[in-house]
Ligand SMILES: C[S@@+](CC[C@H](N)C(=O)[O-])C[C@H]1O[C@@H](n2cnc3c(N)ncnc32)[C@H](O)[C@@H]1O
């Protein structure tokens, strides 16, 4: 058959682009190209163009400008432009469709600029009233005043743009209307408030309040800068400040019982009779550093259970007792922990951990398994949506279920993904750098009676030639790195091992698009050839009202793609010949794949 001449390999080769050098790629992160220089006199004598000339504009630092926001970029900053110009100014707090006045705060190598929003002239499209009165000032929920449908539309667009500009994937292939289009619709979150199972608040010596200032130029009230006032605070860090804390009485992202805990702590901790002091990050004096509240579910009753973790600069449990007495009256509180962190650093992980009340752990359930959560162990922050994400991962892993396949779970954390797959695999090998997470993963395996999983502590940025010798060749690799994505050493190993399937879970679509480019198109400057084909990308909204975007991607190695094609072709030859005769056209490689996806949809069978 003529179509046989077109193999998945050739299709993949045809699509391959020339990778940009890494540093050029990074320069392009959030910026549009600077505008062309002003036309020379010779150029202005050329025949008039039907397209109106673009205004040449380069901003000056400190200048006040009128902007229109067109889209959302990395970290939720608005992509803004001056009317008639293409120069990009990134502006925190600007939302698509909004017209605003902003002050240019920073020029970035002449390629783009950053601007601080002063005031809105015309509100953005899809405006809604933010449920939280602090939304405009708190760095946590940047997009609460944007309708949820618009939030996810912009996240989807951001993923698309990064895949095209960084990943160098063909936009037509990404977005085709065929069922095998690579980029699938974003999966929204059903619960857009109270979805977080963990919040960390900070104690501070200076309460941060927004200050309404006069814009001297235009004599109107603007929110321009912020100011410190005396007064202790417990809440979230003001955006961009490690030493200023926005006082928070309730937070719509955490569970109701967690909000009850926050309210009780707020009522109590500043009482001078108790003698508690917040830690001063400049003078390095004071006692209370952070308040972490985690919500799980009891594995037998499935009712909420709450862990409260006080991070303090030294161990003085008596000082905490008035707080402990009050919060333990809340029925959901089953664990109170004290992490002691005497270092000047401001992290919440203590050198010592003490249980002041109840159990040292709480539990949570995911995909039918029970997980133990300690004060500092990593656990997916949105449990319900993690369940949705893990189901998608299971679908993509496509385990046959006959217990014959090897799964490698890279960046496994406490082993949650690997353990949910272990039930259908021969063996799961998990790799993770944090020793405590590995200890939790082993405990979690035991707790769920899983004994075909091995968890190994190791730094995946520092792998050497021996990596891969301690486990059999994997059939499925899961990779779930944190924001920086995968190190080149790991990319190189993945290109050598040519695993049949990779499921990449990413919390940063920019580094993810870069890694996909390497894996699918190769790394020219390192003379590495790409050997995977991107099959699907599903953005999953795990964090409504925030700029964070999670994606689940699946890739096939070229060999696997060819094997699947032949397997499907052989099994469905009758159907293929029938359709070929019917359409009177020979089938290109895409058609059998289209049939394959249809077949999968009809039968639900994973091939
Ligand atoms: C996004 S989390 C994923 C955790 C886990 N897959 C899950 O779903 O719960 C990324 C994990 O990678 C780990 N990690 C970060 N850098 C690493 C490195 N260089 N080597 C190994 N693990 C690393 C982190 O400690 C963290 O547990």
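Positions of Cβ are set from backbone N, Cα and C atoms, glycine also.
Secondary structure at residue 507 (active site, nucleophile), taken from DSSP and collapsed to helix, strand or coil, is coil. Neighbours of residue 507 (active site, nucleophile), defined as other CB atoms within 10 A of its CB across all chains, total 17. Annotation comment: TrEMBL describes 507 as active site, nucleophile.
Listed in sequence order, 431, 432, 460, 479, 480, 481, 482 are the same-chain residues six or more apart from residue 411 (S-adenosyl-L-methionine binding site) with CB atoms under 8 A from its CB. The feature S-adenosyl-L-methionine binding site is assigned by TrEMBL to 380, 411, 432, 480.
For 58-117, the entry in TrEMBL reads domain 'TRAM'. Looking at the domain 'TRAM' (58-117) alone, the prediction's average pLDDT is 89.
With respect to Cβ neighbours within 10 Å, the binding-site residues 432, 480 differ, and 480 shows the lowest count. Residue 432 (S-adenosyl-L-methionine binding site) falls within a strand segment according to DSSP. Within 8 Å of the centroid defined by the CB atoms of 380, 411, 432, 480, the record's S-adenosyl-L-methionine site, lie the Cβ atoms of 378, 409, 410, 412, 413, 416, 417, 481, 482, 505, excluding the listed residues themselves.
In this structure, residue 380 (S-adenosyl-L-methionine binding site) belongs to neither helix nor strand by DSSP; it is coil.
Per DSSP, the domain 'TRAM' (58-117) is made up of 3 helix, 33 strand, 24 coil. Within 10 Å of the C-beta of residue 380 (S-adenosyl-L-methionine binding site) there are 22 other C-beta atoms, taking all protein chains into account.
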